[in-house]
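Everything on this sheet refers to the single structure shown next.
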Amino acid sequence: MPSLIYAPVFALLVFEMALFVSLIIPMPFTMKRKLFTFISSSPLVAKVQYGMKITFIFILILFIDSVNRVYRVQVELGQAKNQGGAAAAAAGSERMEVQARKFYSQRNMYLCGFTLFLSLILNRTYTMILDVLRLEEEVKRLHGDKPAGDKSQQKLSDAGNIGEIGRLKEELKKRDRDIDVLKKQSNGLSEEYKRMGDNFHVSDGTPKKDR
């Protein structure tokens with residue numbers, strides 16, 4: 001059963017290693033910009049990232065459990081060393097079993113630990129590459145080179161904002177638009193109220209006040 005649990009973790013570690021290699025492979029600027037623009041604007045990638053966050057939470061739980069198991073095995077080995085005489089001879093096979101459990105616990109701990117650590121490295125590498133792409137785009141623009149287009153520049157600027165951050169930004173933009181609409185409606189109602197007040201004074205025979 002434990003091997004079935006940690007087999008997907010190992011597969012995820014291999015996938016992270018392949019993804020890291022693909023990120024650091026030298027590529028032309030245009031190709032890399034298109035790749036990261038696709039990653040930043042793809043809804044499928046956003047869903048995969050959300051699922052990966054949940055997966056890493058489970059891996060963190062497995063890592064904590066494996067650390068706890070290693071500690072308990074260390075305690076059992078310490079107790080076995082303190083035994084002497086016939087008791088130590090009788091506990092020889094049990095001690096071998098404890099050492100085997102120690103090996104598997106340490107393996108699981110390292111596996112989960114490296115998977116979590118590499119996920120942090122991938123996130124940081126992705127952010128740094130995005131920053132480099134934005135700087136290169138800005139340098140090309142300042143040097144007078146032909147820009148890639150406003151749409152491509154906007155997507156590159158918004159890269160890395162997929163998922164929860166991107167959703168929050170979209171909600172803020174929507175609220176700003178709603179506030180602008182309410183302001184326009186308020187101004188329209190105010191103008192209508194003034195016009196109706198002026199018409200009322202005129203129809204009542206009351207002269208309008210000088211402004």
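Using the three backbone atoms N, Cα and C, a Cβ is placed for every residue, glycine included.
The domain 'BAP29/BAP31 transmembrane' annotation in TrEMBL covers 3-141. What TrEMBL lists as transmembrane segment is 6-29, 50-71, 108-126. As annotated by TrEMBL, domain 'Bap31/Bap29 cytoplasmic coiled-coil' applies to 163-210. Per TrEMBL, the feature region 'Disordered' maps to 190-211.
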Six or more residues beyond either end and a Cβ under 8 Å away: which residues meet both conditions relative to the transmembrane segment (50-71)? 5-6, 9, 12, 101-102, 105-106, 108-109, 112-113, 115-116, 119, 163-164
Rounded mean pLDDT within the domain 'Bap31/Bap29 cytoplasmic coiled-coil' (163-210) lands at 69
